[in-house]
Amino acid sequence: MEHIRLPKVDNVRLLDRISPRRSRVGTLYLTATHTIFVENESGVRNETWVLHSLVCSLEKQAATASGSSLLIHCKNFQVLNFVIPRERECHDVHLSLQRLSQPERPDELYCISYKPNIDAEERRQEWDFLDLRADYRRMGLPNSLWKLSSVNQHYKVSDTYPADLFVPESATPPVIVGSSKFRSRGRFPTLSYYSKENHAAICRSSQPLSGFSARCLEDEQMLEAILRSNPRSDFMYVVDTRPKLNAIANRAAGKGYENEDNYSNIKFQFIGIENIHVMRNSQQKMMEVCELRSPSMSDFLEGLESSGWLKHIKAVLDAGIFIAKAVAEEGVSVLVHCSDGWDRTAQVCSVACVLLDPHYRTLRGLMVLIERDWISFGHKFSHRCNHLQGDPKEVSPVIDQFLECVWQLMEQFPCAFEFNARFLITIHSHIYSCQYGNFIGNNQRERTELGLREKTHSLWSYLWMNRADYINPLYRPDHSQTQGLLRPSTAPYCFKFWRALYNRFDRGMHPRQSVEDYLSAIQEETQQLEEQLASHKQKIAQLEQEQEWSVPQKAVPFDKSPTGWTFCNNLANTPQDYTGGFFTSSPCQPRAPITLQTEESNKTSESILSNGSDQESGIADVSCRSPLSEDSTRDPDSDEAAYSAS
Amino acid sequence: MEFSEHIKTANVEDVVLRQPLHPPGRGTLCITGHHLLFSDREEGSWRQVLLLLRNIDAIEKSVENLLTCSGLFSNAGLSQRLDIIGVSRLPGSSGTITIKCKDLRVLQLDIPGMEECLNIARSIETLSCLDSMSELYPFFYRPSNASLRDQWGLSSLERHYSQMKELHDRWRLSTVNRDFSVCPSYPQAVIVPKSTDDDMLEKVAKFRQGGRFPVLCYYHKKNGMVIMRSSQPLTGANRKRCREDEQLLQAVIDGSDKGYIIDTRSSQQALQARMTGGGLESKSCYSSWKRLQRQMERGKALQESLIKLVEACGDESNNMDRWLSKLENSKWLSHVQTALSTAGLLAECVERDGHSVLVHGSEGTDSTLLISTLAQLIMDPSCRTLEGFLTLLEREWVQAGHPFQQRCAHSAHSHARLQQESPVFLLLLDCVWQLWRQFPLALGFSEALLLRLATEAYASDYGTFLGNNQQERCALGVKENTYCLFQALLRPRERDCYSNPLYEHTELAIWPSVHPQSLQLWRGFFLRWTPQTHHLEEAQEEIRNMVIEWGKLALSSCPAST
């Protein structure tokens, strides 16, 4: 490819960020889609694959005697520090990667060149896997209160909204169009979620163009219509998710917020969630703390506090709770907006849905929710995730915050979610990886124009096919924790730092054994045993019928250790840096234990493609598997295969 | 002494009890010499709350007198500290007592009658901190399912020694301390190098603070290296030395090139200790030992850290920045980090580096025990079972003379002036919990066990944590007159609850991660009384059920082949 100045560099060192002593030497390859580092220790073929589209920033540091250092930050929070022997080579690698990681045109995106072995028909099925209309039907729509409107069929009213939209039965096209003219980017109030039980709805829009005194009759009628669609309620909430000051500042630009006096029976409420720029800076600050080499406890906690990240997560969750309670407990409909209605509004509506409806706490439900509230309603994935070379001020981890809110809820309600944290992390990776077409473009219109359904693949069906990896073994749909509205606490101590995402590639930091994997293994085995038992009973009954009491069927004895493999794998554990540099030159220097080495040599490419290789952490690394191994059936020699055969 | 003289009001009807995780209940409050008993008979449901008075750390009382005071205090609010107003029996008066327990539970009692309220409060204040140990509840506790003749304790140094055949070549059991005269805080028997006789030990004891001469605490079977522990040497300002002490330590390393001394104080602290008669092992006198200074917080600072953390956990301001800065400011997690990394260093010296290590701080009864215990858990799989862990605690904390009575007299809520209180044992349990989080399959016991121990150390029905050392326990006749907690925890029903259903034995060392990201607040303990923790307990219950279900099926499908 024309952008690769240097396809291969030998004698490159990959430094371990946590313990620099454990650096690895190998060859660096640049391909059209990946940077591949192949460690050339004898007998060990250890590969690290990094997708170009995941590269977030490149930093070339001053050359030293040992070579020039290239620091790569990835959007999935992997950090790689290569030391390249010659400055010239480093320069070439740097320039090549800079270009490769910043596609200029959509057809350069990885999803276009990603070609798993799937034919056109299967591809069509992939894209049909999720059907938003089916989800609306599940909510009981359309009904006598809400109808499907074709007003935006050709994206004429709002070019960032989807074609299918639900509006109140009484909202006529002139009202809709009139209201849309009074809203930023034409994003008029429309339905996001409807509660069958009590008719309360969550609606969303952008800010009104009210300025200091402007009014719009149609917009007022639109809200009136939403209120009337909830027959049991005599008022509705209008929630502006911005801090009040920001909203006021918008009035000077002819935008702003609803004046309670102009609308009948609304209760207006500000919920201060900061804007995309604050969130971007906050995450950046937090990542700096995560990347400190050996921070003290105080360094870490102070840094976490000053990043403000958990404060923002709490703000989003608080807003979601407000809305969920209004709907479930008061039976009151809510209209949510921020400025454009595609960032904070998406966060808050989707968090509220997770709290409200157990369906969105299942695998399929969460996918549908992201498809509806984020993808279809025009969250600007291309801009926010920086898929194409663009304005760095448009980048913001808004969707990360949604995923984290879900994770925080999972930590509080371990039995309430069908999926596990690995599911969220995999979604996170693929939002940024550009491997699938789902998160390309900024809205439905753009995606249609790009022809993504014909040219790319869908993540959702991939996740569904591999759902066994993403099931939470503790999920109990009938548990009291799981029923109806979740009532999380938002006391500050309930919010935790999400190590498994932000320090995902620092394997030494994660628990060395996974309860979840153990339970999944048990669960699978229990199921097998139950089936076996049932078939035995059937056979016995049969035999009884035939009056033949011959030898009963032999049962397969089970090894009492379903996770034997996890064990040896996970325990290949080495001491941490307890010495604070004291022992660096003493005989105490950690040596890899023998068990560890044998483990390593057994590993196949599937499990070692990610950064480290010394131990599997609790969270399996899915995103960095090479596309080849992802499609081919699992290598029979790999750990996981051995495990499922047990 | 009669407890009854402290009880002016023994029974009050119509009391309202508010406690975390339960709806308020109305019933009868009863106070006895050792307990507060509340029984609630509403709507046919019969509930009892029995609280050991010893578990009460602090109380706060206030009265409301609606009839007479409402005019007077209308602006100042209706609540008044009781001591301000003269007390008389007033109809319609009532009082509230807030009880803050050492297990961090906070209860509230609304008591009708000001005088009754005052009497109850006074009884609680007196009876919750009785000075005389022989009056404590363990001497009165008589469960129906056990007998005082049952075995007391799990093991003894003698038994430990006789089981460890590997030791017999180079180590012997010494009873030089049989009457506690050489070291009042050591048990009667200790393990020392074979080449040191009792006369030498007596001399060494004089050279170590509190007579705590170096004794064996752990033998690493894989390479024969050991962990020794002691107190600081009494070198003093004029740098005294003690040949016997040097010989004893020389005998420990016997042949191998060197050993390490891990001193749990900073270099400066260790040097300063000379001024008060303590000190450290100098390079010149102990040439084959290499000293590592690792400062660990102790004593008052640790207690204050606990108080700050508990205060932070009770903060209801709902402000994230404030929570994180309070959490940081308490330094509790820093102490957890230091303890685990020092223990990791110790284990690394023994297991990886293959050297013997002597551990001490100043008194050798706190941080010394903390890190030697953690290091054993890291290295030795036999300590990681339920029995193994309890035996380890018995040997390394109870018998080794951690002054439980002094350290656990009060917890985080107390307003009493701090004396010898320090939550070292709690810090140990927190560190063990961190290990358990990182290696959820490697430890044979559950979080419930750690929580139970954290409660029992401060207030207990059992005699195990009574007194400060074996000498005191012997004098009180603890063995003869109380029941043993460790035995009770191993009874079949308790065992079910305190064992880890996921446990799988592993021979390997379990090296904890000490990155700040890897360490967490022990919510199960510090936020035990919040509903969120309750959800996590439910999840633990589900885990247990899953394993049981699987075990049953696996069992039932196997014997079918016969």
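Glycine too: its Cβ is placed from the backbone N, Cα and C atoms.
As annotated by TrEMBL, substrate binding site applies to A:Asn275, A:Ile276, A:Cys338, A:Ser339, A:Asp340, A:Gly341, A:Trp342, A:Asp343, A:Arg344. DSSP assigns A:Trp342 (substrate binding site) to coil in the three-state reduction, placing it in neither a helix nor a strand. The Cβ neighbour count for A:Trp342 (substrate binding site), using a 10 Å radius and every protein chain shown, is 28.
The coiled coil annotation in TrEMBL covers A:512-546.
Marked as compositional bias 'Polar residues' by TrEMBL: A:595-616.
What TrEMBL records for A:589-646 is region 'Disordered'.
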Find, among the binding-site residues listed as A:Asp340, A:Arg344, the one whose Cβ has the highest number of other Cβ atoms within 10 Å in the structure shown.
A:Arg344
Recorded substrate site residues A:Asn275, A:Ile276, A:Cys338, A:Ser339, A:Asp340, A:Gly341, A:Trp342, A:Asp343, A:Arg344, farthest C-alpha pair in Å
12
By the 10 Å Cβ-neighbour count, the most surrounded of the binding-site residues A:Asn275, A:Cys338 is A:Cys338
Roughly where does the coiled coil (A:512-546) sit in mean pLDDT, to the nearest integer?
87
List, in sequence order, the residues of the same chain other than A:Asn275, A:Ile276, A:Cys338, A:Ser339, A:Asp340, A:Gly341, A:Trp342, A:Asp343, A:Arg344 whose Cβ lies within 8 Å of the centroid of the Cβ atoms of the recorded substrate site.
A:Thr241, A:Arg242, A:Thr345, A:Val398
